Each structure stands twice: as C-alpha cells, then as structure tokens.
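Student: Let me begin by handing over the structure; questions about it come next.
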Amino acid sequence: MEVEPPLYPVAGAAGPQGDEDRLGVPDGPEAPLDELVGAYPNYNEEEEERRYYRRKRLGVIKNVLAASAGGTLTYGVYLGLLQMQLILHYDETYREVKYGNMGLPDIDSKMLMGINVTPIAALLYTPVLIRFFGTKWMMFLAVGIYALFVSTNYWERYYTLVPSAVALGMAIVPLWASMGNYITRMSQKYYEYSHYKEQEEQGPQQRPPRGSHAPYLLVFQAIFYSFFHLSFACAQLPMIYFLNYYLYDLNHTLSNVQSCGTKSHGILTGFNKTVLHTLPRSRNLIVVESVLMAVAFLAMLLVLGLCGAAYRPTEEIDLRSVGWGNIFQLPFKHVRDFRLRHLVPFFIYSGFEVLFACTGFALGYGVCSVGLERLAYLLIAYSLGASAASFLGLLGLWLPRSVPLVAGAGLHLLLTLSLFFWAPLPRVLHHSWILYVVAALWGVGSALNKTGLSTLLGILYEDKERQDFIFTIYHWWQAVAIFVVYLGSSLPMKAKLAVLLVTLVVATTSYLLMEQKLQQGLVPRQPRIPKPQHKLRGYRYLEEDNSDESDVDGGGGEQGQGDCAEEEAPQAGTLDTEPAGPCRRPCPFEQALGGDGTEEH
C-alpha cells in the first residue's frame with residue numbers, strides 16, 4: 001500500500017529536485033533568510049506610500065466631521081435645554097405647583113449670571129488648560145462639562161443648577177478656542193498629507209510656504225460652521241415635539257403687549273405670566289431630559305472616539321515646554337500685534353449679532369408679534385439660512401479674503417437700518433413671512449461673519465505655536481460681548497440697535513484699515529515664542545534634539561547634559577544590550593552581567 005504524498009510541502013524538507021528548488025536556491029535549512037522573510041516580490045513602494053497618505057487624508061476628513069458633529073450636538077442640547085427650562089420656569093403656575101416658595105426666578109438669574117459672567121476670567125486659564133490637556137482632550141473635557149450641566153436638570157435645586165452653570169461658563173471659551181485651533185490644525189495636516197513628496201524634498205524641519213493650507217482651511221471652516229449653525233435648529237426640537245403642546249396661543253400670552261419691534265423696551269414688556277395651559281407631567285420631562293442627556297453623551301463619544309490628535313506627541317511636549325509662565329503671559333503679549341487690535345471690534349460684533357438674533361430679534365420682533373409658539377420656527381429659519389450660507393465662505397477661493405467679511409457686514413447693516421424703522425403690531429400674523437425672511441438673511445450674514453473671521457485668523461496666524469492663543473483671544477472677546485448684552489438686556493430696542501450699528505461700522509472700518517496696512521507692507525510685531533526646554537525635571541523626552549520647527553536654529557539638544565557629557569564610548573569587545581542615554585541607570589540584568597551593561601568575551 002503506497003503512502004499518499006503530503007498536501008503541503010514540509011518545512012525544511014528537500015524539494016522534488018533534491019536540496020534545491022527550481023531557481024537553484026537551497027530549499028532546506030540552508031535556505032537564505034531573505035528568501036524566507038524577504039519583501040513581497042511585487043511590492044510597489046510608491047503605490048503603498050500613496051495609499052498610506054490617502055488613508056491619512058481620509059482620517060483628517062473624519063476628524064473634521066466628528067468635531068463638527070460633536071460641537072453641533074453639544075451646543076444644540078445646551079440651547080434646547082436652556083430655552084425649555086427658562087420657558088417652564090417663567091410660568092407662574094408651574095413655579096408655584098412644582099417648586100412652591102423655592103425661589104426659582106432667583107435661581108435662574110444666578111444661573112444665567114454664572115453662564116455669562118464666568119467666561120470673563122477665561123483669558124487667564126484657557127491657554128494653560130489647552131496646553132496642559134492637549135487640544136483634543138480639552139474639547140472632550142469641555143463637552144463633558146456641557147453634559148454635566150444637562151444632568152443637573154434632573155434635580156433642579158440651587159446647589160445643582162448654579163454650580164453647574166458656573167462650570168459651564170468656565171468651559172465655554174476653552175471649548176470653542178480648542179475647536180477653532182483643531183480645525184485649523186486639520187487643514188495644515190491635510191496639506192502635509194497631500195504634498196508629502198514636497199515635504200520629503202524640503203526636509204522635516206522646513207516649514208511649508210506661507211498660506212499654503214488656506215484652500216483647505218476655507219473648506220474645513222465652511223464644513224464646521226455649516227454643522228455648527230444647525231445646532232440652533234436642533235435646539236428647537238424639544239419645543240416643536242414637546243413644549244408647544246402645552247403653550248397658550250398668542251391671544252392669551254400677548255393680551256397685555258402694547259408695542260413691539262423698535263418701540264419695545266426690555267424683554268417682552270407686558271407678556272403674560274402664565275404661558276402653559278397644562279402643566280407637563282414630571283415623567284414626560286424626565287424622558288425629554290434623558291434624550292438630551294443621551295445626545296450629550298453621544299457628542300462626548302464622537303469627540304473621544306473619532307477625533308484624532310491635533311499634534312504629534314513630540315509637538316505636544318514642545319508646546320508645553322515653553323514654560324507655564326510664558327503660556328500664561330503670551331495671550332496678553334499678542335496685543336502688540338496691530339492685526340489683532342484692528343480685529344477686536346469684529347470679535348465684539350461677532351458676539352453681539354448672534355445674541356441679538358436669538359434674543360433681541362427673536363423675542364422683540366418675533367415672539368412679541370406672532371406668539372411664543374412660533375419662536376422655534378423663527379430660529380430654524382435663522383439656522384438653515386446660516387448653515388446653507390456657510391458654504392459662501394468658499395468664495396474666498398476665488399475672491400479676495402475681505403469679500404465674505406465685508407459682504408456679511410453689509411447685509412447686517414441693511415437689516416439693522418430696516419429694523420430701526422419697523423415696529424410690527426402685536427397679535428398680527430399677516431407679516432410673519434417678513435420675520436422669517438429677515439431671520440434667514442440675518443443667518444446668512446452671521447455665517448459670512450463667523451466663517452470669514454475664523455478663516456482669516458487661521459491664515460494670518462498659521463504658526464502652530466500661537467494658534468491656541470489667537471483663538472482664545474477671539475472667543476474671549478465674544479464672551480465679553482455676550483456679557484455686555486446680558487447687562488443691557490433691559491435697554492430699549494432702539495438703544496440696542498444703535499449699539500449694534502455703531503459696533504458694526506467701527507468693526508468694518510477697522511478691518512479694512514488693517515488690510516490696507518498689510519498691503520502697504522507694514523510688518524506686525526509678534527511676541528517671541530520661547531524655545532522648548534526639554535531637560536526640565538518631570539519630563540521624559542524621547543529625542544536628544546528638539547522636535548519639529550520649534551528649534552530650527554539648533555543648539556537646544558546640547559543643554560542639560562550635566563555630568564554625563566564626557567561619557568566614554570563602549571569598548572569594541574563589549575555586548576551593548578541597550579543604547580544607554582545620558583546618566584541612564586543600569587537595569588538589574590546589566591548589573592548582574594557586570595554593573596555597566598557590558599560583558600567581556
């Protein structure tokens with residue numbers, strides 16, 4: 001009986017032609033190692049490199065979409081919960097039945113104070129937090145604080161609402177500053193992955209050309225703000241699908257309102273104290289808040305799981321190693337840059353116009369004339385107009401960069417002048433279409449403003465060492481503007497429109513003056529970013545030299561050698577088990593061999 005041949009050749013056994021295969025190379029234990037574990041014969045290095053960088057570019061796009069979706073869900077949940085909470089707490093019957101003499105209006109006023117006043121101190125700690133945690137982890141932490149604010153509404157008490165509102169106020173500027181920095185860094189990384197061959201020719205220490213990432217920055221900022229402005233529409237879903245079923249119609253809520261629009265004073269003077277014809281059940285409120293909490297948790301997972309790091313680990317160490325005192329001072333030192341000084345009025349106007357759209361126009365013109373039940377649809381019109389118009393920022397690919405900003409300012413100027421002379425009548429619906437058109441057009445101007453400003457900052461300040469400082473200054477001034485609007489909420493509507501108009505004119509003039517100075521070749525003064533000091537105690541830096549572009553001049557890797565600068569090289573006949581760094585203590589295995597990691601043969 002014949003033995004059947006094995007299905008597969010046995011490793012190390014002789015082939016059918018003896019000890020050599022068909023190519024004449026030994027096939028047994030004497031076979032060369034390269035033939036067994038060598039590279040794939042059809043391996044194409046250039047093709048594999050192209051595929052690698054294509055995956056990198058897709059990863060960058062994934063990061064931008066995840067950050068945009070996370071920011072949209074976070075802000076939408078926050079606005080929706082705050083809006084629903086304030087409407088419920090405004091109703092006199094709801095307060096008396098649900099909370100008795102707990103003083104809910106006083107708690108709400110302190111909560112709003114915590115949200116609007118706390119960001120004033122954000123300039124002191126935001127850069128330190130971003131450098132300490134890193135851009136991605138700062139985003140995750142801030143989104144978690146927003147989720148904490150949502151969770152405290154399960155048990156509405158002074159000791160839950162007010163502390164969470166203060167924590168939320170502290171997280172506002174760090175969140176949006178890190179978001180702006182993150183989107184700008186993604187555009188720079190996309191440029192690096194798209195032009196990797198040029199980067200290889202120039203060398204790793206060579207910076208890319210100035211403004212080379214600008215086209216990608218325009219696209220990414222348009223994507224981010226198209227998502228972000230949808231948050232105003234997402235915030236109205238609790239109103240549409242839950243709260244509107246409990247609201248009185250406009251004939252009841254507006255029964256004592258006498259004037260609207262430009263003739264109004266404060267916020268809804270004469271508005272009825274009862275807006276709910278039926279009190280919502282506690283079980284239904286818990287379901288709505290649970291849905292909002294789930295969405296906030298989903299936003300946290302998006303940022304945590306899908307957003308990649310903005311910097312490489314060595315870059316993160318470089319950014320921290322300039323010294324915490326320098327990190328604290330650098331936002332203030334950037335005031336010497338005339339470009340930032342000229343853009344400050346635009347930063348302030350950017351905060352004014354968003355809050356005016358959500359409070360001044362939506363309440364003083366919209367709710368005052370067509371009722372509270374149509375507030376959600378007004379803000380949805382604003383949201384959809386702003387989201388669609390965010391892609392108009394792509395006009396900067398073909399037009400001068402000043403065109404989107406000036407166009408948005410011009411549109412807001414026309415709308416503000418029109419609102420000066422318009423006072424809609426209360427409880428009249430035939431002019432409601434005008435409100436929706438104005439809301440959508442105001443959203444178009446807001447989109448051009450936000451997209452243009454963020455893109456401009458990313459182009460003017462493309463050094464990775466100072467981007468977080470610049471976006472911190474931008475969003476801090478926005479927070480200051482929101483605080484001013486909070487203080488002036490009781491002013492007449494004409495005073496609010498006058499402040500808005502003056503700020504807009506000053507901002508546009510100042511910006512055009514900045515562009516004129518840049519065209520004349522005036523060089524701005526920028527504070528020097530100190531070189532990283534990697535040899536300080538507490539750091540475990542992996543390389544001898546400073547990484548990336550932070551120390552192009554060299555010389556940074558020679559300091560801190562101390563007593564180990566004169567170490568002798570290992571002798572020729574020694575076994576070097578591990579490349580020892582300066583002053584490295586021998587491991588126990590090396591000590592057993594001879595105390596210094598060597599063994600004589």
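Quick reminder: no glycine exception, Cβ is built from N, Cα and C everywhere.
TrEMBL: automatically predicted annotations, no manual curation.
Pulled these from TrEMBL:
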- 1-32: region 'Disordered' (REGION)
- 60-81: transmembrane segment (TRANSMEM)
- 111-130: transmembrane segment (TRANSMEM)
- 137-155: transmembrane segment (TRANSMEM)
- 161-183: transmembrane segment (TRANSMEM)
- 216-243: transmembrane segment (TRANSMEM)
- 291-311: transmembrane segment (TRANSMEM)
- 343-363: transmembrane segment (TRANSMEM)
- 375-398: transmembrane segment (TRANSMEM)
- 405-425: transmembrane segment (TRANSMEM)
- 469-489: transmembrane segment (TRANSMEM)
- 495-514: transmembrane segment (TRANSMEM)
- 544-601: region 'Disordered' (REGION)
Student: If contact means at least 3 Cβ pairs within less than 8 Å, sequence distance 6 or more, would you call the transmembrane segment (343-363) and the transmembrane segment (291-311) in contact?
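Tutor: Judged by the Cβ rule, the two regions do not touch, with the required three close pairs absent.
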Student: Do the transmembrane segment (137-155) and the transmembrane segment (291-311) come together with 3 or more C-beta pairs under 8 Å, pairs six or more apart in sequence?
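Tutor: The transmembrane segment (291-311) and the transmembrane segment (137-155): touching, yes.
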Student: Within this structure, do the transmembrane segment (469-489) and the transmembrane segment (111-130) have 3 or more Cβ pairs under 8 angstroms, counting pairs 6 or more apart in sequence?
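Tutor: In this chain the transmembrane segment (111-130) contacts the transmembrane segment (469-489) - 3 or more Cβ pairs sit under 8 Å.
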Student: Please indicate, using numbers and ranges, the residues of the same chain that are 6 or more beyond the transmembrane segment (161-183) and have a C-beta under 8 Å from a C-beta there.
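Tutor: For the transmembrane segment (161-183), the nonlocal Cβ contacts are 63-64, 67, 71, 74, 78, 107, 110-112, 114-119, 121-123, 125-126, 129-130, 135-136, 138-139, 141-143, 145-146, 148-149, 151-153, 217, 220-221, 224, 307, 310, 454, 457-458, 467-468, 471-472, 474-476, 478-479.
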Student: Which stretch, 60-81, 216-243, 291-311, 375-398, 495-514, tops the Cβ pairs under 8 Å count with the transmembrane segment (405-425)?
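Tutor: Highest pair count goes to 495-514.
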Student: Please check if the transmembrane segment (291-311) comes into contact with the transmembrane segment (60-81), where contact means 3 or more CB pairs closer than 8 Å and the residues in each pair are separated by 6 or more positions.
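Tutor: Since 3 or more Cβ pairs under 8 Å link them, the transmembrane segment (291-311) and the transmembrane segment (60-81) do come into contact.
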Student: Give residue numbers and ranges for long-range contacts of the transmembrane segment (495-514): same chain, 6 or more residues beyond its ends, CB-CB under 8 A.
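Tutor: For the transmembrane segment (495-514), the sequence-distant neighbours (Cβ-Cβ under 8 Å, at least 6 residues beyond its ends) are 262, 338-339, 342-346, 348-349, 352-353, 356, 360, 402, 405-406, 409, 412-413, 416-417, 419-420, 488.
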Student: Under 8 Å between C-beta atoms and at least six residues away from its ends: which parts of the chain pack against the transmembrane segment (216-243)?
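Tutor: For the transmembrane segment (216-243), the list is 64-65, 67-69, 71-81, 83-84, 87-88, 179, 183-184, 186-188, 190-191, 194, 280, 284, 288, 292, 358, 375-377, 379-380, 382-384, 386-388, 390-391, 393-394, 396-397, 443, 446-447, 450-451, 454-455, 458-459.
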